[in-house]
Amino acid sequence: MQLHSLLPGSHQNPKASVCGGMDQKVKHFSRRQWGAAAPRQKETLKGPAQRVVIHHTALSKCTGLKECTDGLLNIQRVHMTERGFDDIGYNFLVGGDGTVYEGRGWGVVGAHSKGNNHDSVGIAFMGNFNNDTPSTEEISSVKQLLQAGVSEGFLHSEYVLFGHRDLANTECPGAKLYAALPQLRESHCRL
């Protein structure tokens, strides 16, 4: 299954196979598949996202479907009930095995980096990356997600990638994930 064919509003794009020379296949679960609650409301971005903000959940790492979906449901509950968000804050989350879970999805304003949400996509690695090192699968899946976002027009081809700590006084996305951000910056795809 191709990632770009699974995302809302996606269409087949002949540039997708050219971008990075990859077929852009990644294991992906939609909101429906992980049992997400409906958002209270949803605001769309005014165009392709200009920035990508990388986060970690600072919770236990998950590697299997049951473990990750339980974590997602808990994160969404906390975001909506305790923080007052309209939905889970992130646009996408990635589990330890590289599975990508749709949060708010493409083209939707997130609630992941105060003051920086209206032109960005927030991607959270599930785990505490002050302790954990991101897996090859996680890095590869996020690279493919970013390439799919560019080739589908949801992410500007000249996007800038940040760690959350670059935009706020926080340890997020954790020291070990922050150190791996250059690997994600290599995923830029110019069309």
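FYI, residue positions are counted from 1 along the chain as it appears here.
Every residue gets a Cβ built from N, Cα and C, even glycine.
Among the ranges 1-20, 81-100, 101-120, 121-140, the stretch that TrEMBL annotates as region 'Disordered' is 1-20.
Bond annotation: of Cys62, Cys172, only Cys62 is listed by TrEMBL as forming a disulfide with Cys68. Confidence across the domain 'N-acetylmuramoyl-L-alanine amidase' (37-174), taken as the mean pLDDT and rounded to a whole number, stands at 96. Long-range neighbours of Cys62 (disulfide bond) (same chain, six or more residues apart, CB within less than 8 Å of its CB): Cys68, Asp70, Gly71, Gly95, Gly96, Met126, Gly127. The helix, strand and coil residue counts that DSSP assigns across the domain 'Peptidoglycan recognition protein family' (26-168) are 41 helix, 33 strand, 69 coil.
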